[in-house]
Amino acid sequence: MAPQLLLCLILTFLWSLPEAESNVFLKSKVANRFLQRTKRSNSLFEEIRPGNIERECIEEKCSKEEAREVFEDNEKTETFWNVYVDGDQCSSNPCHYRGTCKDGIGSYTCTCLPNYEGKNCEKVLYQSCRVDNGNCWHFCKRVQSETQCSCAESYRLGVDGHSCVAEGDFSCGRNIKARNKREASLPDFVQSQKATLLKKSDNPSPDIRIVNGMDCKLGECPWQAVLINEKGEVFCGGTILSPIHVLTAAHCINQTKSVSVIVGEIDISRKETRRLLSVDKIYVHTKFVPPNYYYVHQNFDRVAYDYDIAIIRMKTPIQFSENVVPACLPTADFANEVLMKQDSGIVSGFGRIQFKQPTSNTLKVITVPYVDRHTCMLSSDFRITQNMFCAGYDTLPQDACQGDSGGPHITAYRDTHFITGIISWGEGCARKGKYGVYTKVSKFIPWIKKIMSLK
């Protein structure tokens, strides 16, 4: 009997196994209800404490509504939430030209300053020539509601409507042998230098003016001309404007009986190699010489060196090369609004390297900062007219000097060099509190063009 009872128990156990298995393994939806991780609930004291962003959103993951409860301000909540969700899209400063970046979820928005547009404020709206010169490489003028670019002589406008392309190897203003590593730049301290007006001179010196300059290597000042008197001596400088025209100062012409010109030289001590070019005519103000020989420019004031400008016409054309290139003639607006608002200009010459010392045999060059008109006028006992401007250093001993008169004051813009001034006069050379005074070429553009058009 016992064996039969044991067999019945075993059969009953085996019969019940499938039912037991089905009760242990639950369906996924039912199981998930039991296996979910419950969020820690705040304690009674946490619920009554003010919202804390670190507790709510850093230690734990929070919702936007929880963040809003902390900030209690919709704008602050949006700013935080945009960064919290996917990081700060503005961290790389994507907005150009000082645009303001606002972060978003998966994006950002740039708010641009006036005259700029684009997703990153990268597009400049050149509606005015006063904004980066209308993006023009040379000259800019406003035509209706747009800007229109044009170029100096011997250049053509590029296909982009902004750039200027040289049409020849010796187009004006091209420094073919660029200064590269020897760039004549302003010393760092000059940028913060303030003008101090010191002791004034008793007399102006008309025959200025390169003190403490560096050597200008061959081809680095290709527009430089040198005026030679009947004794074969250097007495003034000049600027090549065309194959037959050299710009100089009017007061230079009254210093000698005859004038010859040298170009393309950096060392005039080697007289056997230099070539003197003959002069055909000189156009200067009538108060210097008989009117039947010179072109008349009205109102020249010899005492104040006002209208200190003259043009020499050559008998035979100057042969251009990489060492002999004319400076470009700017428009008046371009000179006043762009060139003369640059930090500095370049002055060169063979004048005296120290006050009352011999002239230099080698061509010297310096960079001189522009001086604002008010400071310029206060620094001098003599009249600074509208036809003049100042350039130079208040305390640094660098300046033009005797023998440099008539030479070029050049300003570079986008790798093109324009004539902006004529070395005219000064009170000594590189004197503390004094500046070099230059003829303002922009005032004479129509006169220069008229003279150059004469046959």
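Placement of Cβ uses the backbone N, Cα and C atoms for every residue, glycine included.
Listed features, source Swiss-Prot:
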| type | residues | note |
| --- | --- | --- |
| DISULFID | CYS57-CYS62 | disulfide bond |
| DISULFID | CYS90-CYS101 | disulfide bond |
| DISULFID | CYS95-CYS110 | disulfide bond |
| DISULFID | CYS112-CYS121 | disulfide bond |
| DISULFID | CYS129-CYS140 | disulfide bond |
| DISULFID | CYS136-CYS149 | disulfide bond |
| DISULFID | CYS151-CYS164 | disulfide bond |
| DISULFID | CYS216-CYS221 | disulfide bond |
| DISULFID | CYS236-CYS252 | disulfide bond |
| DISULFID | CYS376-CYS390 | disulfide bond |
| DISULFID | CYS401-CYS429 | disulfide bond |
| DOMAIN | 129-164 | domain 'EGF-like 2' |
| CARBOHYD | SER92 | O-linked glycosylation site |
| CARBOHYD | ASN254 | N-linked glycosylation site |
| SITE | ASP103 | site 'Not modified' |
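The two recorded residues, CYS136 (disulfide bond) and CYS129 (disulfide bond), show a Cα separation of 8 Å. The DSSP secondary structure for CYS252 (disulfide bond) is helix. Cα separation, CYS376 (disulfide bond) to CYS252 (disulfide bond), rounded: 23 Å.
Between the disulfide-bonded residues CYS112, CYS129, CYS164, CYS164 has the most other Cβ atoms inside 10 Å of its own Cβ, all protein chains included.
On its own chain, ASP103 (site 'Not modified') has THR79, ASN82, VAL83, ASP88, GLN89, CYS90 as residues at least 6 apart in sequence with a Cβ closer than 8 Å to its own Cβ. If you compare Cα positions, the residue listed as 'N-linked glycosylation site' sits closest to CYS390 out of the disulfide-bonded residues CYS112, CYS216, CYS390. Between the alpha carbons (Cα) of CYS121 (disulfide bond) and CYS236 (disulfide bond) lies a span of roughly 51 Å. Break the domain 'EGF-like 2' (129-164) down by DSSP state and the numbers are 4 helix, 14 strand, 18 coil.
Local packing around the Cβ, expressed as the count of other Cβ atoms within 10 angstroms, is greatest for CYS216 among the disulfide-bonded residues CYS62, CYS110, CYS216.
Of all the recorded positions listed here (SER92, CYS95, CYS164, CYS221, CYS252), CYS164 has the Cα closest to the Cα of CYS149 (disulfide bond).
Under DSSP, CYS57 (disulfide bond) is assigned to a helix (H, G or I) in the three-state scheme. In the three-state DSSP reading, CYS390 (disulfide bond) counts as strand. CYS101 (disulfide bond) counts 19 other C-beta atoms within 10 Å of its own C-beta, drawing on all protein chains shown.
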